[in-house]
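A.B. asks: Provided herewith is a single structure, encoded as C-alpha coordinates, for subsequent inquiry.
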Amino acid sequence: MRLEISSPQTKLPYPKTEELPFTLQELRNAIPADCFEPSVVRSLGYFFLDVGLIAGFYALAAYLDSWFFYPIFWLIQGTLFWSLFVVGHDCGHGSFSKSKTLNNWIGHLSHTPILVPYHGWRISHRTHHANTGNIDTDESWYPVSEQKYNQMAWYEKLLRFYLPLIAYPIYLFRRSPNRQGSHFMPGSPLFRPGEKAAVLTSTFALAAFVGFLGFLTWQFGWLFLLKFYVAPYLVFVVWLDLVTFLHHTEDNIPWYRGDDWYFLKGALSTIDRDYGFINPIHHDIGTHVAHHIFSNMPHYKLRRATEAIKPILGEYYRYSDEPIWQAFFKSYWACHFVPNQGSGVYYQSPSNGGYQKKP
(Lines of atoms letter the chains of each structure in order from A and count residues from 1; the text may use other names and numbers.)
(Lines give C-alpha, C1' and ligand atoms only; values in the text may rest on other atoms or scores of the structure.)
Protein backbone atom coordinates (compact mmCIF):
# COMPACT_ATOMS: atom_id res chain seq x y z
CA MET A 1 0.00 0.00 0.00
CA ARG A 2 1.28 3.45 -0.81
CA LEU A 3 0.94 5.58 2.29
CA GLU A 4 0.67 9.29 1.65
CA ILE A 5 0.45 10.39 5.25
CA SER A 6 -0.44 13.99 5.91
CA SER A 7 -1.48 13.74 9.54
CA PRO A 8 -1.13 11.39 12.50
CA GLN A 9 -4.82 10.51 12.18
CA THR A 10 -4.49 9.01 8.70
CA LYS A 11 -5.49 5.33 8.80
CA LEU A 12 -5.25 3.23 5.69
CA PRO A 13 -6.10 -0.47 5.41
CA TYR A 14 -3.66 -3.14 4.36
CA PRO A 15 -4.94 -5.56 1.73
CA LYS A 16 -4.37 -8.83 3.59
CA THR A 17 -4.49 -11.95 1.43
CA GLU A 18 -3.19 -15.46 1.92
CA GLU A 19 -0.92 -15.19 -1.10
CA LEU A 20 0.57 -12.14 -2.78
CA PRO A 21 -0.56 -11.63 -6.40
CA PHE A 22 3.05 -11.57 -7.63
CA THR A 23 6.25 -13.52 -7.06
CA LEU A 24 9.80 -12.67 -6.09
CA GLN A 25 10.96 -13.69 -9.56
CA GLU A 26 8.47 -11.34 -11.22
CA LEU A 27 9.84 -8.46 -9.18
CA ARG A 28 13.42 -9.39 -10.03
CA ASN A 29 12.61 -9.62 -13.73
CA ALA A 30 11.19 -6.09 -13.64
CA ILE A 31 14.44 -4.59 -12.34
CA PRO A 32 17.21 -3.73 -14.84
CA ALA A 33 20.00 -6.29 -14.49
CA ASP A 34 22.68 -3.65 -13.88
CA CYS A 35 20.92 -2.65 -10.63
CA PHE A 36 22.37 -5.82 -9.11
CA GLU A 37 25.91 -4.98 -10.23
CA PRO A 38 27.96 -2.99 -7.68
CA SER A 39 30.62 -0.59 -8.90
CA VAL A 40 33.79 -0.84 -6.83
CA VAL A 41 34.84 2.64 -7.89
CA ARG A 42 31.51 4.17 -6.94
CA SER A 43 31.27 2.24 -3.67
CA LEU A 44 34.80 3.24 -2.66
CA GLY A 45 33.94 6.79 -3.65
CA TYR A 46 31.16 6.92 -1.05
CA PHE A 47 33.47 5.42 1.57
CA PHE A 48 36.27 7.91 0.97
CA LEU A 49 33.78 10.78 0.74
CA ASP A 50 32.44 9.96 4.21
CA VAL A 51 35.91 9.46 5.67
CA GLY A 52 37.13 12.69 4.07
CA LEU A 53 34.20 14.70 5.43
CA ILE A 54 34.66 13.24 8.90
CA ALA A 55 38.37 14.08 8.85
CA GLY A 56 37.64 17.57 7.55
CA PHE A 57 35.13 18.37 10.28
CA TYR A 58 37.50 17.01 12.92
CA ALA A 59 40.16 19.38 11.63
CA LEU A 60 37.71 22.30 11.58
CA ALA A 61 36.48 21.61 15.12
CA ALA A 62 40.04 21.34 16.45
CA TYR A 63 41.01 24.55 14.68
CA LEU A 64 38.03 26.58 15.93
CA ASP A 65 37.93 24.98 19.40
CA SER A 66 34.73 26.90 20.09
CA TRP A 67 31.86 25.88 22.33
CA PHE A 68 29.59 27.80 19.98
CA PHE A 69 30.62 25.49 17.15
CA TYR A 70 30.79 22.20 19.03
CA PRO A 71 27.00 21.52 19.09
CA ILE A 72 26.88 22.05 15.31
CA PHE A 73 29.93 19.83 14.94
CA TRP A 74 28.32 17.08 17.00
CA LEU A 75 25.18 17.06 14.86
CA ILE A 76 27.13 17.03 11.61
CA GLN A 77 29.75 14.53 12.71
CA GLY A 78 27.22 12.17 14.26
CA THR A 79 25.24 12.24 11.02
CA LEU A 80 28.42 11.45 9.08
CA PHE A 81 29.13 8.55 11.47
CA TRP A 82 25.68 7.28 10.53
CA SER A 83 26.49 7.68 6.83
CA LEU A 84 29.68 5.68 7.32
CA PHE A 85 27.64 3.00 9.06
CA VAL A 86 25.46 2.70 5.94
CA VAL A 87 28.59 2.06 3.85
CA GLY A 88 29.53 -0.77 6.21
CA HIS A 89 25.93 -1.95 6.03
CA ASP A 90 26.35 -2.40 2.26
CA CYS A 91 29.54 -4.35 2.94
CA GLY A 92 27.66 -6.66 5.27
CA HIS A 93 25.10 -7.39 2.57
CA GLY A 94 27.75 -8.01 -0.07
CA SER A 95 26.39 -5.09 -2.10
CA PHE A 96 29.50 -2.93 -1.72
CA SER A 97 31.46 -5.10 -4.13
CA LYS A 98 31.66 -8.68 -5.36
CA SER A 99 34.85 -9.22 -3.37
CA LYS A 100 34.22 -10.72 0.05
CA THR A 101 37.70 -9.68 1.15
CA LEU A 102 37.17 -6.05 0.14
CA ASN A 103 33.73 -6.03 1.75
CA ASN A 104 35.17 -7.29 5.03
CA TRP A 105 38.04 -4.79 5.05
CA ILE A 106 35.86 -1.78 4.27
CA GLY A 107 33.19 -3.09 6.60
CA HIS A 108 35.65 -3.16 9.50
CA LEU A 109 37.10 0.23 8.57
CA SER A 110 33.58 1.69 8.48
CA HIS A 111 32.13 0.04 11.57
CA THR A 112 34.97 -0.35 14.06
CA PRO A 113 35.53 3.42 14.57
CA ILE A 114 31.84 3.81 15.47
CA LEU A 115 31.93 0.86 17.90
CA VAL A 116 29.99 -1.59 15.75
CA PRO A 117 31.32 -5.18 15.73
CA TYR A 118 31.18 -5.69 11.99
CA HIS A 119 30.76 -9.45 11.73
CA GLY A 120 28.60 -9.75 14.84
CA TRP A 121 26.24 -7.09 13.54
CA ARG A 122 26.39 -8.41 9.96
CA ILE A 123 25.23 -11.83 11.07
CA SER A 124 22.40 -10.60 13.29
CA HIS A 125 21.30 -8.25 10.51
CA ARG A 126 21.22 -11.21 8.15
CA THR A 127 18.81 -12.87 10.58
CA HIS A 128 16.64 -9.76 10.55
CA HIS A 129 16.43 -9.72 6.76
CA ALA A 130 15.61 -13.42 6.59
CA ASN A 131 12.75 -13.05 9.10
CA THR A 132 11.35 -9.54 8.63
CA GLY A 133 7.72 -9.26 9.68
CA ASN A 134 7.77 -12.51 11.68
CA ILE A 135 6.81 -11.89 15.30
CA ASP A 136 8.60 -14.99 16.55
CA THR A 137 11.86 -14.93 14.57
CA ASP A 138 12.62 -11.35 13.49
CA GLU A 139 15.72 -9.82 15.06
CA SER A 140 15.14 -6.06 15.10
CA TRP A 141 12.22 -3.87 16.22
CA TYR A 142 9.78 -6.78 16.30
CA PRO A 143 6.71 -6.51 18.54
CA VAL A 144 6.15 -8.39 21.77
CA SER A 145 2.82 -9.96 22.60
CA GLU A 146 0.54 -8.23 25.07
CA GLN A 147 1.20 -10.98 27.60
CA LYS A 148 4.98 -10.61 27.32
CA TYR A 149 4.62 -6.83 27.44
CA ASN A 150 2.80 -7.11 30.76
CA GLN A 151 5.54 -9.41 32.08
CA MET A 152 8.44 -7.15 31.11
CA ALA A 153 10.42 -5.50 33.90
CA TRP A 154 10.04 -1.75 34.22
CA TYR A 155 13.57 -1.08 32.99
CA GLU A 156 13.00 -3.22 29.89
CA LYS A 157 9.86 -1.23 29.05
CA LEU A 158 11.69 2.02 29.73
CA LEU A 159 14.45 1.25 27.27
CA ARG A 160 12.39 -0.45 24.56
CA PHE A 161 9.34 1.81 24.52
CA TYR A 162 10.27 5.12 26.12
CA LEU A 163 14.00 5.51 25.40
CA PRO A 164 14.23 3.70 22.05
CA LEU A 165 16.65 6.21 20.54
CA ILE A 166 19.47 5.10 22.83
CA ALA A 167 18.75 1.36 22.72
CA TYR A 168 21.36 0.32 20.16
CA PRO A 169 24.50 0.02 22.35
CA ILE A 170 22.59 -2.11 24.84
CA TYR A 171 21.17 -4.22 22.00
CA LEU A 172 24.73 -5.10 20.98
CA PHE A 173 25.33 -6.59 24.41
CA ARG A 174 21.91 -8.07 25.22
CA ARG A 175 19.90 -8.17 21.96
CA SER A 176 16.18 -7.35 22.07
CA PRO A 177 13.43 -8.47 24.49
CA ASN A 178 12.95 -12.26 24.62
CA ARG A 179 16.21 -12.88 22.71
CA GLN A 180 19.46 -14.11 24.23
CA GLY A 181 23.06 -13.48 23.26
CA SER A 182 25.70 -10.84 22.59
CA HIS A 183 27.15 -9.51 19.34
CA PHE A 184 30.64 -9.75 20.82
CA MET A 185 30.76 -13.33 22.11
CA PRO A 186 31.39 -16.13 19.57
CA GLY A 187 29.39 -18.58 21.68
CA SER A 188 26.24 -16.47 21.38
CA PRO A 189 23.13 -18.21 19.95
CA LEU A 190 23.26 -15.58 17.23
CA PHE A 191 26.14 -17.36 15.52
CA ARG A 192 26.84 -20.67 13.83
CA PRO A 193 29.95 -22.64 14.85
CA GLY A 194 31.76 -21.72 11.63
CA GLU A 195 31.27 -18.00 12.30
CA LYS A 196 33.14 -17.84 15.61
CA ALA A 197 36.49 -16.79 14.13
CA ALA A 198 34.89 -13.94 12.20
CA VAL A 199 33.03 -12.73 15.29
CA LEU A 200 36.25 -12.79 17.34
CA THR A 201 38.06 -10.80 14.64
CA SER A 202 35.51 -8.00 14.88
CA THR A 203 35.45 -8.11 18.68
CA PHE A 204 39.25 -7.83 18.88
CA ALA A 205 39.25 -4.99 16.34
CA LEU A 206 36.68 -3.10 18.37
CA ALA A 207 38.56 -3.76 21.61
CA ALA A 208 41.71 -2.35 20.00
CA PHE A 209 39.84 0.81 19.01
CA VAL A 210 38.44 1.18 22.52
CA GLY A 211 42.04 0.94 23.72
CA PHE A 212 42.96 3.71 21.29
CA LEU A 213 40.16 5.88 22.70
CA GLY A 214 41.49 5.14 26.17
CA PHE A 215 44.96 6.25 25.10
CA LEU A 216 43.56 9.52 23.72
CA THR A 217 41.70 10.09 26.97
CA TRP A 218 44.88 9.46 28.96
CA GLN A 219 46.77 11.92 26.77
CA PHE A 220 44.17 14.69 26.44
CA GLY A 221 41.55 14.13 29.14
CA TRP A 222 37.89 13.23 29.41
CA LEU A 223 36.67 16.53 28.02
CA PHE A 224 38.59 15.86 24.81
CA LEU A 225 36.88 12.46 24.49
CA LEU A 226 33.47 14.01 25.13
CA LYS A 227 33.92 16.82 22.60
CA PHE A 228 35.46 14.81 19.81
CA TYR A 229 33.95 11.37 20.16
CA VAL A 230 31.23 10.70 22.74
CA ALA A 231 28.88 13.50 21.66
CA PRO A 232 29.03 12.67 17.92
CA TYR A 233 28.70 8.98 18.77
CA LEU A 234 25.47 9.63 20.67
CA VAL A 235 24.08 11.52 17.67
CA PHE A 236 24.99 8.52 15.52
CA VAL A 237 23.15 6.18 17.91
CA VAL A 238 20.04 8.35 17.73
CA TRP A 239 20.16 8.30 13.93
CA LEU A 240 20.57 4.52 13.82
CA ASP A 241 17.73 3.86 16.25
CA LEU A 242 15.46 6.47 14.67
CA VAL A 243 15.81 5.22 11.11
CA THR A 244 15.59 1.51 11.90
CA PHE A 245 12.63 2.12 14.21
CA LEU A 246 10.75 4.04 11.53
CA HIS A 247 11.40 1.45 8.84
CA HIS A 248 9.63 -1.25 10.83
CA THR A 249 7.30 0.43 13.30
CA GLU A 250 3.94 1.73 12.12
CA ASP A 251 0.44 0.96 13.36
CA ASN A 252 -0.71 0.02 9.84
CA ILE A 253 1.97 -2.64 9.31
CA PRO A 254 0.77 -6.23 9.84
CA TRP A 255 2.92 -8.77 11.68
CA TYR A 256 2.71 -12.49 11.02
CA ARG A 257 3.05 -15.78 12.83
CA GLY A 258 3.59 -19.36 11.75
CA ASP A 259 2.78 -20.56 8.27
CA ASP A 260 1.02 -17.31 7.38
CA TRP A 261 4.46 -15.68 7.07
CA TYR A 262 6.83 -16.10 4.17
CA PHE A 263 9.82 -14.09 3.01
CA LEU A 264 8.24 -11.77 0.44
CA LYS A 265 5.21 -11.01 2.57
CA GLY A 266 7.50 -10.13 5.45
CA ALA A 267 9.83 -8.07 3.26
CA LEU A 268 6.87 -5.91 2.26
CA SER A 269 6.15 -5.13 5.92
CA THR A 270 8.44 -2.13 5.80
CA ILE A 271 8.14 1.46 4.62
CA ASP A 272 10.04 3.85 2.38
CA ARG A 273 10.45 7.20 4.15
CA ASP A 274 11.55 10.62 3.01
CA TYR A 275 14.31 12.26 5.07
CA GLY A 276 14.45 15.39 2.94
CA PHE A 277 17.90 16.86 2.39
CA ILE A 278 19.38 14.05 4.51
CA ASN A 279 18.49 11.44 1.86
CA PRO A 280 21.73 11.74 -0.15
CA ILE A 281 23.82 12.31 2.98
CA HIS A 282 22.89 8.95 4.49
CA HIS A 283 22.98 7.18 1.14
CA ASP A 284 19.23 6.85 0.51
CA ILE A 285 18.74 4.41 3.36
CA GLY A 286 15.09 5.51 3.44
CA THR A 287 14.55 3.56 0.20
CA HIS A 288 13.93 0.47 2.25
CA VAL A 289 11.26 -1.69 0.60
CA ALA A 290 13.38 -2.67 -2.40
CA HIS A 291 16.35 -3.17 -0.07
CA HIS A 292 14.43 -5.73 1.98
CA ILE A 293 13.33 -7.60 -1.11
CA PHE A 294 16.81 -7.63 -2.68
CA SER A 295 19.40 -6.87 -0.01
CA ASN A 296 22.33 -7.55 -2.37
CA MET A 297 21.56 -4.41 -4.36
CA PRO A 298 23.88 -1.37 -3.89
CA HIS A 299 22.23 1.58 -2.17
CA TYR A 300 22.80 3.81 -5.20
CA LYS A 301 20.65 1.50 -7.35
CA LEU A 302 17.67 1.28 -5.00
CA ARG A 303 15.71 4.28 -6.26
CA ARG A 304 15.81 3.02 -9.81
CA ALA A 305 14.83 -0.47 -8.68
CA THR A 306 11.96 0.92 -6.63
CA GLU A 307 10.50 2.71 -9.64
CA ALA A 308 10.75 -0.53 -11.62
CA ILE A 309 8.80 -2.64 -9.12
CA LYS A 310 6.19 -0.11 -7.98
CA PRO A 311 3.78 -0.92 -10.85
CA ILE A 312 3.86 -4.59 -9.82
CA LEU A 313 3.62 -3.96 -6.08
CA GLY A 314 0.70 -1.57 -6.51
CA GLU A 315 -1.11 -1.11 -3.21
CA TYR A 316 1.41 -3.37 -1.48
CA TYR A 317 4.06 -0.67 -1.74
CA ARG A 318 4.33 1.55 1.32
CA TYR A 319 5.70 5.06 1.24
CA SER A 320 5.39 7.86 3.78
CA ASP A 321 6.34 11.48 3.33
CA GLU A 322 5.13 12.31 6.82
CA PRO A 323 7.63 14.54 8.67
CA ILE A 324 10.14 12.24 10.33
CA TRP A 325 9.75 13.39 13.92
CA GLN A 326 5.98 13.44 13.58
CA ALA A 327 6.07 9.87 12.30
CA PHE A 328 8.38 8.86 15.13
CA PHE A 329 6.21 10.22 17.93
CA LYS A 330 3.06 8.77 16.39
CA SER A 331 4.58 5.28 16.40
CA TYR A 332 6.30 5.94 19.75
CA TRP A 333 2.91 6.25 21.45
CA ALA A 334 0.88 3.82 19.32
CA CYS A 335 3.17 0.80 18.91
CA HIS A 336 3.89 -1.23 22.04
CA PHE A 337 2.53 -4.76 21.62
CA VAL A 338 0.44 -7.05 19.43
CA PRO A 339 -2.30 -9.56 20.37
CA ASN A 340 -1.22 -12.81 21.99
CA GLN A 341 -2.59 -14.90 19.14
CA GLY A 342 -3.36 -14.62 15.47
CA SER A 343 -1.50 -13.54 12.35
CA GLY A 344 -1.75 -10.40 10.29
CA VAL A 345 -2.03 -8.48 13.56
CA TYR A 346 -1.25 -4.85 14.30
CA TYR A 347 0.46 -2.82 16.98
CA GLN A 348 -1.46 -1.46 19.94
CA SER A 349 -0.49 0.40 23.11
CA PRO A 350 -1.83 0.59 26.68
CA SER A 351 -3.24 4.05 25.97
CA ASN A 352 -5.56 3.18 23.11
CA GLY A 353 -8.06 1.04 24.92
CA GLY A 354 -6.95 -2.42 23.84
CA TYR A 355 -6.60 -4.29 20.63
CA GLN A 356 -8.69 -3.28 17.67
CA LYS A 357 -7.76 -4.76 14.33
CA LYS A 358 -7.33 -2.24 11.56
CA PRO A 359 -10.05 -2.38 8.89
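Here the Cβ of each residue, glycine as well, is placed from N, Cα and C on the backbone.
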A.B. asks: When Swiss-Prot marks a stretch as motif 'Histidine box-1', which of 89-93, 99-103, 134-138, 319-323 is it?
C.D. replies: 89-93
A.B. asks: Residues of the same chain, at least six outside the transmembrane segment (153-173), with any C-beta under 8 angstroms of its C-beta?
C.D. replies: 115-117, 120-121, 182-184, 234, 237-238, 240-242, 245, 332, 336
